[in-house]
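What Swiss-Prot records for this protein:
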- 23-30, 66-70, 125-128: GTP binding site (BINDING)
- 2: N-myristoyl glycine (LIPID)
């Protein structure tokens, strides 16, 4: 009986998917990861290296790698690309000065062979802050409309309040089911 249940789970649910959470420092990557996991704000020191957590949903679970990107070690991201199905790019919507760097990093990732089939979810974080950039402005600056080879979605959010986060896990789950 146990083997039958295990077989049914392998066919109909409990699929594992690898996710990398990337972005420049202080964008909110770790806060978003732990909001998904615990639904609480976890106050932490800046991440050194990476964090990995498993987010379990009824039919899917995601292994999420929160990867720091120190300027001198940007090449380190490549080591996490193998088997990645989803890229979550976190952007600080208040930081116009580093948006060019974010765009360059995004297109480097999308050009990488190991990520050719990855779906992209962009969180425009800190939407609760006055004068933050809106989705239209960020989409335009990142030239998201030119991305044709990857499924992508941009979502405004506030990691501290969790606004905009839950529905995106559902988007990832539906993307995973479609593939």
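Cβ coordinates are placed from backbone N, Cα and C, and glycine is handled just like the others.
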Query - Those binding-site residues listed as 26, 127, and which of them has the most Cβ atoms within 10 Å of its own Cβ - result: 127
Requested in this report: Please report the number of other Cβ atoms within 10 Å of the Cβ of residue 29 (GTP binding site).
Outcome: 27
Report summary line: By a three-class reduction of DSSP, residue 23 (GTP binding site) is assigned coil
Requested in this report: Tell me the Cβ neighbour count for residue 23 (GTP binding site), meaning other Cβ atoms within 10 Å of its Cβ, over all protein chains shown.
Outcome: 25
Query - Helix, strand or coil at residue 67 (GTP binding site) [DSSP, three-state] - result: strand
